[in-house]
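One structure is given below, encoded as structure tokens.
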Amino acid sequence: MFPVLPQSVQAPLIWPQRESMEVSLHSTFRLTCRGQTELSWNGPVFIDDQTNSVKKGLFISTVTISNATAVHTGEYVCSSEPFNSTESTIYIYVPDPQTPFVPSMTPFENHVLTSYDEMEIPCRVTDPSASVSLIHMGTDQVMPSAYDSKRGFIGLFGAGTYVCRALIHGQNHDSIEYIVHGWTGGSDLRVELRAVKRTLLVGETITVDCVAKGSEVLEDHWKYPGKLANRGPKTVKENKLNLEIYYTLTVTNASPKDSGIYACSITDIMSNESQTKELTITVYDHEFVHINPLIGPVETARLDEVPEFKVDIESFPAPKVTWLKDSSVLGDDTAEISTTLLKIGETSYQGVLNLIRAKAEDSGNYTVKAEIGSISTSYSFYLQVKVPPVIVDLIDVHHGSAAGQEVVCTAGGSPFPEVDWDICKNLKHCANDSSQWMPLPINSTDITVELQMNVDNHIESHIIFHHLEGTVAVRCLARNDMGVVSREVKLMSSGPHSELTVAAAVLVLLVIVIISLIVLVIIWKQKPRYEIRWRVIESVSPDGHEYIYVDPMQLPYDSRWEFPRDGLVLGRVLGSGAFGKVVEGTAYGLSRSQPVMKVAVKMLKPTARSSEKQALMSELKIMTHLGPHLNIVNLLGACTKSGPIYIITEYCFYGDLVNYLHKNRDGFLSRHTEKGKKDLDIFGINPADESSRSYVILSLEGKGDYMDMKQADTMQYVPMLEMNEASKYSPIQRSDYDHPPSHRQFNDEAESLLSDDSAEGLTTMDLLSFTYQVARGMEFLASKNCVHRDLAARNVLLSQGKIVKICDFGLARDIMHDNNYVSKGSTFLPVKWMAPESIFDNLYTTLSDVWSYGILLWEIFSLGGTPYPGMVVDSSFYNKIKSGYRMTKPEHASSDVYELMMKCWNSEPEKRPSFHSLSDTVASLLPSGFKRCYERVNHDFLKSDHPAVTRVQCIDNDDAYMGVLYKNQGKMKTRESGFDEQRLSSDSGYIIPLPDLDPLSNEDYSKRNRHSSQTSEESAIDTGSSSSTTKREGETLEDITLLDEMCLDSGDLVEDSFL
């Protein structure tokens, strides 16, 4: 039983009773409608889940939406049936971050305006909280229009493209584009007439399109052969996007009567403007193909020409054209041959064959074939490529045989050449006098001539001399249309060898001797020569790409660096190379605080060449130019007179850094099994505990290995010169300068830094300290415009207190057998440590040293690993460096340290950090007190009586010398970017001395230096004998006075063959 309909129906009620509601994405929501009649729902999508019931006279309808998405956003309408007279609505929002705008079920029709009409742009959002603006794409301006999230933008809009932009949670989202067109006509009208095919066969369909652009209110008129017979229905299609209208005429089952002119006239009704276009259609009753050759039956081409052969083809439809040579199809895959088919007209074509640089083998029969289905036609011609004659071979087959002498001349060419023979009996004039050559008498009984073709299609002419007297010259001539060539051969009668044979043998021996000498000279030149890697920059080109280096031999050398040979005792060899060696020694009288000091002495081997001696002297001069610094191996003195050159430098207790890291690797790994603990130790230091922390960075370390200098106390030493009988040498002691008297006066914190605490072992803080100290040392070298060129862990030494010393150890290293050095020309280079500009452009600067510093960091934090592990220096390695390959982070480096490496490895040198910046960056990774402690140690070093410091002070205080300033020095200082005043305080007063007095003679010098001796020390070095090892009483005080004498001699300059 159905309820009775009331006379007045009220609007149904929707629950929940809201105008709009927001539901979650992918959720389920229900809407319930109650009314007095049957109910129906309408929504943004088809609703298939709807239940209806009747309770207490009320109709109830419920819709359920599962998995709500953006498409469910919209207005839901509940209507009373059957009249739909009343209805209620609710608007549902389903916010979807991925779909900010509601997808439209029907596409937006491009709106066309004749003026500014009010219209609606239906960009509705799924999130009601979104802020939406309308953007005009042409001007990128925001349009002042009101927005309704349930409808979109409504207002007056001009022609253009619009986009709705929604701002949701700080991000912009753009809708699809909405295009609004303005009406135009008259002057913009353009008409085009197109045909799918202009030539057809009987029975095909003719299709002609008349396209009108730029106007919309148009009228079309057609003229064509079948119009009177009412053939050809017309269709109209409008493309509103591009304002184009297509009028299409179609004529089916075409016949030859439909051939003719087809014309289309379009008239703009608004402006009455008209345009007419026409074209010609041809209908054939059968297919056809014909070839009209433009070449003859025989064609010629010269060698290396680019001949072109053409044929005209009349065909309908388009033909398939094939070219053949000697019945073989010529394909497009052959680079020397190209074939093309050009369309000249509707039924006119041209076939073209091109030979790229014609060759002899291109001669042959050519055919062009044109096909249309079962119809085909062809044309053939012969091509001859003309080749100049050539004599392939001319040999004396039976030289001096009993059967006579036979000469064979093999000749080729196209066309085949004719072969003739000439003979010359006066050998002295055959080369210069052509009249001496006469045609060979082939009718003679003593001569036989035969002609034949060989397997290579060459002409062979055989001439046999049955009886030959003396020596004659025979000439073979080959000639054809392209020219003539000839070759000669000398024939000798059988008998003793002529003088020519003897001369040839002597010539061969002479050539062998010359080649041997050249090989020996090349081998001698390729033998590597010793050269100091350090360079001092004199000037820089304006573009910064060319550097001029100071010639070290032009630097002055002050004799106050001289140290008496009899004050120096040599010991064991610390390192030996191809050119020289470094020997441990003890110096007496270098310093007041240390009458006896352990030192390292550089010297050449007895077999050294003059170039090596000059290089060692250059190294000495550069070291005197640099001055002292805590983190370089400082010069203490030199011996350059009355014997070989010795350079006396600081003694480094632990040897080089590579082997020190190898030696302590196991202990380091045992303490750092957990990387997190290591990072905490580096960066998680509690400032409150900092004062009580032991700075092991400068503490005494465990036993070294390579060049281990700690074993010196057990060795027996060799005195350089024999002293008088009363003189005694004391045993060589461990150098006390590593802890000079001035250092012992530090406060407790400094003493903690210099304590000999070997229990701590190698720590991560040590690795950072080494990194910082090397940066400070290189910062100092850069301030002196000095380029190292071989910065690597093997050239970094470690002294007591873990103080890093930068050096150049090339003299005492066998680089020819060291895998770290690669042969390039006559030298060996550390390629894996070199910057790209140094490898490829031979450019060395402070910035190329920065690259090497990055490689050194990798060595330190890999605990002495070899850079680019597993990679061989070859072309592949160089290509990887060019393409930007860089090493991965070493195991024990933090991300900050690795970032520093990558900055050093920037492919653009000017973008690499300076050493000043590098030292500041590394200092920020260390405890705050470390840098203060380092500066205090450095300050006390510069205020101590270290020989390197005191000798420089003597030179600085001497008014008899003036400084040398180099060109562009200010520019190079600027490139080093900010060397602060405090850091330069150690060397700001140091200048390169120039002599203004005549150098003293050796005689005068020997009078001043009462410790000098004329005894040669070569025998002492070579025999290894040792004098007494006890120093006589009172001699130390006399030796100390040497320092005072050095400071008093202001004019002593050393000058010999190497200065």
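FYI, residue positions are counted from 1 along the chain as it appears here.
Glycine too: its Cβ is placed from the backbone N, Cα and C atoms.
Residues or ranges marked as ATP binding site by Swiss-Prot: Leu574, Gly575, Ser576, Gly577, Ala578, Phe579, Gly580, Lys581, Val582, Lys602. A 10 Å cutoff on Cβ-Cβ distances gives Ser576 (ATP binding site) a total of 15 other Cβ atoms nearby, all chains included. DSSP gives Ser576 (ATP binding site) a strand state.
For 975-984, the entry in Swiss-Prot reads compositional bias 'Basic and acidic residues'.
What Swiss-Prot lists as compositional bias 'Polar residues' is 1012-1029.
Feature annotation from Swiss-Prot assigns domain 'Ig-like C2-type 2' to 103-180.
Swiss-Prot lists Asn67 (among others) with the feature N-linked glycosylation site, giving sequence analysis as the kind of evidence. Annotation note: Asn67 (N-linked glycosylation site) sits in a coil segment as assigned by DSSP.
Annotation comment: Swiss-Prot describes Asn84 (among others) as N-linked glycosylation site.
For Asn272 (N-linked glycosylation site), the number of other Cβ atoms no farther than 10 Å from its own Cβ, over all displayed protein chains, is 8. Following the DSSP three-state reduction, the secondary structure of Asn272 (N-linked glycosylation site) is coil. Among the features that Swiss-Prot reports, N-linked glycosylation site is placed at Asn272 (among others), with the record citing sequence analysis.
Annotation comment: Swiss-Prot describes Asn365 (among others) as N-linked glycosylation site, evidence class sequence analysis. Sequence-distant neighbours of Asn365 (N-linked glycosylation site) (same chain, 6+ apart, CB under 8 A from its CB) are Lys325, Asp326, Ser327, Ser380, Phe381, Tyr382, Leu383.
Among the features that Swiss-Prot reports, N-linked glycosylation site is placed at Asn432 (among others), with the record citing sequence analysis. In the structure as shown, the Cβ atom of Asn432 (N-linked glycosylation site) sits within 10 Å of 7 other Cβ atoms.
What Swiss-Prot lists as N-linked glycosylation site is Asn443 (among others), and the listing cites sequence analysis. When Cβ atoms from all protein chains are considered, those within 10 Å of Asn443 (N-linked glycosylation site) total 7, not counting its own.
As annotated by Swiss-Prot, phosphotyrosine applies to Tyr547 (among others), with the evidence given as similarity to another entry. The local packing around Tyr547 (phosphotyrosine), expressed as other Cβ atoms within 10 Å of its Cβ over all shown chains, amounts to 18.
Annotated phosphotyrosine per Swiss-Prot: Tyr549 (among others), in sequence order. Secondary structure at Tyr549 (phosphotyrosine), taken from DSSP and collapsed to helix, strand or coil, is strand.
The feature phosphotyrosine is assigned by Swiss-Prot to Tyr695 (among others), with similarity to another entry given as support.
The feature phosphotyrosine is assigned by Swiss-Prot to Tyr706 (among others).
Annotation comment: Swiss-Prot describes Tyr717 (among others) as phosphotyrosine, evidence class similarity to another entry.
Residues or ranges marked as phosphotyrosine in Swiss-Prot: Tyr729 (among others).
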C-alpha spacing of Tyr549 (phosphotyrosine) relative to Leu574 (ATP binding site), in angstrom: 31
For the domain 'Ig-like C2-type 2' (103-180), the number of residues DSSP places in helix, strand and coil: 0 helix, 43 strand, 35 coil
For the domain 'Ig-like C2-type 2' (103-180), mean pLDDT (0 to 100): 85
Other C-beta atoms that fall within 10 angstroms of the C-beta of Tyr549 (phosphotyrosine): 15
Distance, Val582 (ATP binding site) to Asn67 (N-linked glycosylation site) (CA atoms, angstrom): 85
Leu574 (ATP binding site): tally of other CB atoms within 10 A of its CB: 23
Other CB atoms within 10 A, centred on Gly580 (ATP binding site): 25
Cβ neighbours of Val582 (ATP binding site) where a neighbour is any other Cβ within 10 Å: 22
Structural state of Val582 (ATP binding site), classified by DSSP into three states: strand
Pairwise Cα distance for Ser576 (ATP binding site)/Tyr549 (phosphotyrosine) [Å, integer]: 29
